[in-house]
Amino acid sequence: MTPLQPAAPTDLLIIGAGPAGLHAAFYAGLRGLSVRLIDVQPEVGGQLSALYPDKLVYDLPGSPSASAADIVAALATQLAPFSPDYRLSELAQTLTQTSLSQTERGWTVTSDRASYPARAVIVAAGLGALLPRESRLGGQHPDVRTVLVEPSAFKGKSVLIVGGVPQAVRAALDLAAAGAQVTLTHRRALFRGSPAQLRPLEELKREGQITVHAPAEPERLDEAGMWLRIGNDLRHIAADSVYVANGHLPDLSALQSWPLGWQGEYIPADATQMTRLPGVFVAGDVSLTGGDFKLLSVGLAQAALAANFAAQFVNPALKARPGHSSDRRLPQPADD
Ligand SMILES: Cc1cc2nc3c(=O)[nH]c(=O)nc-3n(C[C@H](O)[C@H](O)[C@H](O)COP(=O)(O)OP(=O)(O)OC[C@H]3O[C@@H](n4cnc5c(N)ncnc54)[C@H](O)[C@@H]3O)c2cc1C
């Protein structure tokens, strides 16, 4: 096997671009650290993007009500001025101690694509790597996918989308905008999505730009598409590609071999959020310090601690306490 090419070292490497990872990256950027984030998902936001982008969250401090997708967008916008290096659609697999120079020790995390040396690491892996559920459709078709990254690649092609989750609706809109011929089907009559997605879906359906069959029962795939049971009819839907959006399942197995003193699904840490390994910190749902309080507000607080203590670990001349952001002037989107 060809050895993976090592990337240039960063001060901080964060496993997981969910809310805890994004907020930790923001604080690390504020403290002057270079930051890289790895996530197996093709987009940032962790559970909020993968599991409930359409839901409203009511208990984020200072935010009476916001959709999970809007919370992710705000976290990413807040972090953008620090230009983190995002490595999406990559699964972090191993952690090894490494020499960064003759005098400096650090850690290398290896994913399925590359190896990433860093002076410090924050594990913000939440419930685990959010992997798409397998397609359980019977029969065979040459192009069945559970991840859809580049809608533009489907221009002029016919795509059948199976599922009722927000990702199915978003894929239908994106593919239609990219010039694909889209059919969307779901076992139930209703689709999940934000009003900003469901409204255009209705319009495109009315205009005949997207064909919707719901409720409809997938019967089986074949070489040319899929058989659907719609009421009492069995109808064949021709498709060049089939995208199955069945939601996601978390998987911690890649990280559980790391020697972090795991207690079940949690990694223990001290009051600075550092694990038993020097320079390896933890934040968010996977941190034992929050226990069963798997909440945004708890994970964001742990992220602030982990990032600031990681900053001091990387540069011992820094104070861990960041001071008040209100004493600074940071770039604002409106200032452009
Ligand atoms: C349906 C639902 C509703 C919720 N509602 C609320 C609410 O109203 N209020 C509230 O406070 N909380 C709510 N939560 C909980 C909240 O979403 C979590 O507390 C929060 O997402 C935890 O953030 P995190 O960054 O720790 O982890 P996550 O959001 O799980 O992000 C972790 C990321 O790490 C990635 N990852 C893990 N392992 C690897 C690996 N080996 N390689 C690469 N990537 C990896 C995952 O793919 C994931 O993207 C809700 C949760 C759910 C499921």
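Here the Cβ of each residue, glycine as well, is placed from N, Cα and C on the backbone.
So that you can see what the record holds, here are the features copied from TrEMBL:
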{"type": "BINDING", "residues": "Asp39, Gln47, Tyr52, Ala92, Leu130, Asp285, Ser326", "note": "FAD binding site"}
{"type": "DOMAIN", "residues": "11-302", "note": "domain 'FAD/NAD(P)-binding'"}
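Structure coloured by features recorded in TrEMBL.
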residue	record	Cβ contacts under 8 Å, 6 or more apart
Asp39	FAD binding site	Gly16, Ala17, Gly18, Gly21, Gly46, Tyr86, Arg87, Leu88, Ser89, Glu90
Gln47	FAD binding site	Gly18, Ala68, Gly126, Leu127, Leu130, Asp285
Tyr52	FAD binding site	Ala68
Ala92	FAD binding site	Ile15, Ile38, Val40, Val109, Thr110, Ser111, Ala125, Ala129, Ala254, Leu255
Ser326	FAD binding site	none
Next on the checklist: List, in residue order, those binding-site residues out of Asp39, Leu130, Ser326 with a Cβ under 6 Å from any atom belonging to ligand 1.
Outcome noted: Asp39, Leu130
Item to check | Other CB atoms, at most 10 A from the CB of Leu130 (FAD binding site) | outcome: 23
Checklist entry - Given the FAD binding site residues Asp39, Gln47, Tyr52, Ala92, Leu130, Asp285, Ser326 in the record, what is the largest Cα to Cα distance, rounded to whole Å? => result 35
Item to check | Local backbone state of Asp285 (FAD binding site), from DSSP in three classes | outcome: coil
Next on the checklist: Considering every residue in the domain 'FAD/NAD(P)-binding' (11-302), what is the mean pLDDT value?
Outcome noted: 96
